[in-house]
Amino acid sequence: MRARLISYNGTTMYDLLKTIDDPADLRRLDRRQLQPLADELRAFVLDSVSKTGGHLSSNLGTVELTIALHYVFNTPNDRIVWDVGHQTYPHKILTGRRDQMHSLRQYDGISGFPRRSESEYDTFGTAHSSTSISAALGMAIGSQLNGDDRFSIAVIGDGAMTAGMAFEAMNNAGVSEDAKLLVILNDNDMSISPPVGALNRHLARLMSGRFYAAARAGVERVLSVAPPVLELARKLEEHAKGMVVPATLFEEFGFNYIGPIDGHDLDSLIPTLQNIRELRGPQFLHVVTKKGQGYKLAEADPVLYHGPGKFNPAEGIKPSTTPAKKTYTQVFGEWLCDEAERDTRVVGITPAMREGSGMVEFEKRFKDRYYDVGIAEQHAVTFAGGLATEGLKPVVAIYSTFLQRAYDQLIHDVALQNLPVVFAIDRAGLVGADGATHAGAYDLAFMRCIPNMTIMAASDENECRQMLHTALQQPNPTAVRYPRGAGTGVATVKEFTEIPLGKGEVRRRTSQPEGKRVAILAFGTMVAPSLAAAEELDATVANMRFVKPVDAALVRELAETHDYLVTVEEGCVMGGAGSACVEALMESGVIRPVLQLGLPDQFVDHGDHAKLLAQCGLDGAGIAKSIRERFLSPAADVAGHAKRVA
């Protein structure tokens, strides 16, 4: 039984799917019903994602594997950990969330990733790459220590296997001989041809069977008295299997390698998993799947359909007919190409985010200076440091949330040696539908405390371009942060202008009398809503531009000429840009009340970006409300008077 193409007409009845409220219902089905169920599930995923937006290609590729896992294993007693987690829509649908899929990634809706608080079937929260094997191994060992008999399963993609953490976990897991651990490599890199046919089914069943495992162990025990013979037997086995599968690497880690098998063929998946269920020790199953499976348009262009917005499945994704504002990612991509054209020392680095970071054109035009290092953020940062020692100008394009993974390298390998590496930090601040796992909430706080760092926050597209240019001129590590999505509509200026280091600018001045004068010190994306709030309150607004070094002279000048100071940033308040202003104020010796606004000390959920900003009080109305309540209301006057009298 193998996946079929979806014939989309929007009228699928889902007769089988609507009977599945949890995996126990699935396990009551006859095996012959599973492929029709898979067809319905795939159609449901397509229909659902087309209405909400979300990850599509990866989910179309995991339908049969998801069904097989829940059919064979006793979930949730048996644990499944999904690496990255954006391929879990079929899993969510089969585990009681079918009727909530309309709210996927929406404000107050279900998450696009596994979430422990959402379902007992989401055994471990994931969204960043390459964590699944470590988590599943911890579960397997924990179950052993607790005396529980359960399997722990990690499902990891071929891309995630490039990260060092995955191999660290496998190195640890390989010595856990009794652990009931299964690692499934979901290989959807189509440079590897899917193995199909009776021979591959036979090999997979053979290698996952008890006879094969017992015979292999028995032969090794018998031949262990003659080490040279044992070594010869091992080499013969590896050679024989190597003609069919790349087993040697994983078996060197102590895993029993099985596969590769067709990940869309339930007649291969189910008996193989049933055999594995009877084994002990670390097992490694290699399944080959296809992103976008069953939907021709996604099969043809899985990148385009990786994370689409809403679209008509019958027609596919159509180019927008209305001119869109340029995104900050596009601004970065254009800037990088322009700088590379001017200076042959400019080198671009991305940890597996070529499209997302806006480096497609750079790769085409400057292929010899483009480096996609895979999902390896730690390596990317240290690699950039090495390039800098040779007089090159490395630019690391990285999402804020992923820079967290290379913090030691940022400190030890770049900042400590004061190497001139530029960090173009995309997706800074809230990221909307991707939620807390991808929010760029912490970069200002965790970078600001590092010596030698310069940090800028862009308020519009042109400022972003000029900040990036300024960063490239610095003799030390420098970061420019900018948000996800479209900018403000400001045109970028082709000519470069270096921004004076550590200098902000006043964008609006108050006309209020003494006693009511408020100065808003805004950083990056918060300049626009701060200006909106200032119009309502008649306040001064400064575009601070630099988080480090913060413009201490401007902070002092505003403190001396205003009664109240307000700092606003789209990042965590603790240790962030506002804290830099407070420190500068303390250093100046000028005492003024300060209100720090930013992201709260909690993980902000997924949803529409504008709604989330409003929820956090970081839209124009929210900023004005907070200022009024703290400083300008009658209650604030009474409280302030009481403090002065005291």
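Glycine is no exception: its Cβ is also placed from the backbone N, Cα and C atoms.
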Additional site residue, His55, His70, His86, His91 [criterion: listed by Swiss-Prot with Ala127, His128, Ser129, Gly159, Ala160, Asn188, Tyr295, Glu377 for thiamine diphosphate]: His86
Cα distance (Å, whole number) from Asp158 (Mg(2+) binding site) to Glu377 (thiamine diphosphate binding site): 17
Entries of His86, His128, Asn188 which, being binding-site residues, have CA atoms within 10 angstroms of Asp158 (Mg(2+) binding site): Asn188
Local backbone state of Asp158 (Mg(2+) binding site), from DSSP in three classes: coil
Residues that sit under 8 angstroms from His86 (thiamine diphosphate binding site) by C-beta distance, when 6+ apart in the chain: His55, Ser58, Asn59, Gly112, Phe113, Ala127, Gly307
Candidate with sparsest Cβ neighbourhood (10 Å radius) among Asp158, Glu377, the listed binding-site residues: Asp158
